[in-house]
Every structure is written in C-alpha cells, then in structure tokens.
Amino acid sequence: MGVHVSRYNGLTKEQYEKSQQIDDLLKQERRLNAAIIKLLLLGAAEGGKSTFLKQLRILHQDRFNDNELEFQKHIIHNNILNIAISIYNAMCDRSMKFENVDRQEDIRTLIEASKFIKYDSWYNEKVEKALLRLKYDAAFHSCCIKQNEYELPESSKYFFDNLERICTTKYVPSEQDVVRSRVATTGINEIRLVIRSISFRIVDVGGQRSERRKWIHCFSDVDSLIFISSLSEYNLTLAEDMKTV
C-alpha cells in the first residue's frame, strides 16, 4: 500500500473547491478595482467639494429620483431659514433696522421655527409668509444683496431671488437649486461615474476639523487627490474659529 500527499492540503474536496472559488473572486475583484480610478476630494469646510460632486453627478449620472428631490427640498428650506436668520444677525451687527417694525415679529417666527429645524414639521404657511414679507423689506433686501460684504452664505441672494417659486406646495427642486443647497458633509461619501468609458470612484470627506482625522482611512489605493478651495472666499475667515483666513 503506497503513501501519498493529499492535493487538498488537509482540506476536504468541498473545502478546497470553496477556497478556490473565494481566491478566484478576490482576483476578479482586484482586476476590476485596478481598472477604476480612485479620486479623493480634500479641502476646508464649505470650500465646494460636495458642490463639485453634485455637478459631476448631474453631468454624468441619472437625474435625482423623487426621494432624493424630497430630501433636497427639506435641505433647501433649512438653508433659507438659516440664511434669513444670518441676514438678521448681520443687520443687528451693523445696527440696521427694518423698514417696517412688523418684520420683527416675522423674525421671531423664524427663530422659533429654527428650534425645530431637525423636524420636517417646522416649515408651514406662517413661515412662508414671514419669509416673503422679509424679502421685500428694504433693509433686509439691502443686506441680502451684499452677501459677500456681510459674509453671508454664498447662495443667499439666489434663494431669496427664487423665494416665490420655492414657497409653493408643489415645489420641486431644480438641478440648480440642488447645486446651490448646502449641508455639512459628515463621514465619507462616494459616487461612481463612467466618463468616456473610464470608471471613476470619487470620495468626498467632511472638511470640518472634527472630520479631518477620518481622511487617513481614505488614502489607500488613491490614484489622485483633488484639493478644492473657494476662490470667492479667499479673504474670509474659517467658520470654525472666525480667525484663520
């Protein structure tokens, strides 16, 4: 009776075949990943990384679906509420007063609504009317159109110029509205695109200081870094400390 070494290295035939299948899948995955160009977006908070990513998606992917547009609608409403309060704070800093003293009550309505901004129910007809009245107050409007001078959010004038369209029950965000909207990126987001038959995996990470420690985990297998900076904010301070330019 002869002695021989098992070709399965101590595994049963079934175990060996399963191991081979896993190895083949890993090899296939490595080949596929090698064909995908990984890009990492870096930059300070509010520098435009997520905006750039949204523009790429609009150009090279399918349109936003109904659920995504509904989500964007809430973001835009939140943006407008925060912008209105920011304009009011800028007015207070410069001792500017409303043309009509009744607008003070409208601001109180918005400040009260802002306490519930995490919930969809804060947005209602009373808030809409308050926003529309504020838009046509001369002092409020004067501050809004000088958004750069008063360091207001970049889309302040855009959203208030389009307020009547946005403040309707049948409002559906346009692609431009989505691009102009702003929500802080937390964690790691990514999209996959195919541009001229080349596959890209684009990773967007939060720019806030509390998010930057997560960047290190994204550098693995990166083909290229894209560092994005807002040219229109070269002379503004960071929102994080109001000192660093």
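Note that Cβ sites are derived from N, Cα and C of the backbone, with glycine treated the same way.
Features reported for this protein in TrEMBL:
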- GLU46, GLY47, GLY48, LYS49, SER50, THR51, ASP204, VAL205, GLY206, GLY207, GLN208: GTP binding site (BINDING)
- SER50, THR185: Mg(2+) binding site (BINDING)
- [ ] Quick one: among the binding-site residues GLU46, ASP204, which has the most Cβ atoms sitting within 10 Å of its own Cβ?
- [x] ASP204
- [ ] Would you kindly give the Cα-Cα distance separating SER50 (GTP binding site) and THR185 (Mg(2+) binding site), rounded to the nearest Å?
- [x] 7
Open item on the list: Give me the long-range Cβ neighbours of GLY48 (GTP binding site): same chain, 6+ apart, Cβ under 8 Å, in sequence order.
Closed with: ILE228, SER229, SER230
Open item on the list: Validating a neighbour-count step here. Other CB atoms within 10 A of the CB of SER50 (GTP binding site): how many?
Closed with: 21
Open item on the list: Going by DSSP, is SER50 (GTP binding site) sitting in a helix, a strand, or coil?
Closed with: helix
